[in-house]
Amino acid sequence: MESPEACSSGEASPVAAERPSEAAALRALIDRVRAGEVDAAREVRRLTRASARHRRKLAPAVEPLVAMLRAGAPDAGEAALLALLNLAVRDERNKTKIVDAGALEPLLGYLQSSDLNLQEYATAALLTLSASSTNKPIISASGAIPLLVQVLKEGNPQAKNDAVMALYNLSTITDNLQAILAVQPIPPLIELLKGGKRSSKTADKCCALLESLLAFDQCRVALTSEEGGVLTIVEVLEEGSLQGREHAVGALLTMCESDRSKYRDLILNEGAIPGLLELTVHGTPKSRMKAHVLLDLLRNSPYSRSKLQPDTLENIVTNIASQIDGEDRGGKAKKMLAEMVKVSMEQSLRHLQRRASFA
């Protein structure tokens, strides 16, 4: 999320020039912020809630607001934090200005606050600031990553959602992936996925982050050690948004490509095939491609087929890649899905029982 206050609606049409009285009022407001007035910080927060023009005109308030934030008084700190949060929303210059003014140190302090509201606001601020490519390496070097993972483990629901999105923003710097893994994010990521809607934006970012982290063996071991970990990703594959399903199939593909013999049966046993088949027809271009590649990896078993009978799930999967192409992909997919339900009743029942145990 961005600011809990800010929204995209309600913005009046920009004006070419502000009235002299308005300009004087804004200068006076900034002077009051410099004087440390808490009510002035609250007024900045109010004016910048939905106004890009006020975010720009009140940019000179950033440094005194950061000074107020650093002073440590609870009421002043909260007012300054919320004003800075609104100033940063959808304003790249203010994002960098806030970091340059020294806001990170007090923000990291608030991440560790026992006041869960302050922790939530600080997490939202870091999420907003971390959207700036200029800020990402500075935030990464500040020690924010372990604290964000701690919020992911112990924060309130909104703070957890914002923490995972901030971690995703920072994960786009490849060097940060090991730093994220070092503080054991997999259990809280899976817990967050289990507890929320599979089609939510939070689920999208969880799966996107997992897709990147699963390039490392440490993450793959942690995920498969987590009860219901792979199953939860399969559920996003089936029930998620288009973006979430794209990342979910990417996560499973990364696992299978890293060690096919180790992860192939695990992915099959969690019932990934129906969701993969549907993606080959209804997914995004990237998810369709990833689903095809993963199905290819799942279809030809290196193990003995002596126990397999004709028409088992394995034999159906063997023919998927060749059968799904062509003009009648949708009809073929539906036919295969129906056949799969018929010939894999036992496996489907086992899968449903496993889901029920994690509900």
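Each residue, glycine too, has its Cβ placed from N, Cα and C.
Unlike curated entries, TrEMBL annotations are predicted automatically.
It is 1-20, from the ranges 1-20, 41-60, 301-320, 321-340, that TrEMBL records as region 'Disordered'. Per DSSP, the secondary structure of the repeat 'ARM' (143-181) breaks down as 32 helix, 0 strand, 7 coil.
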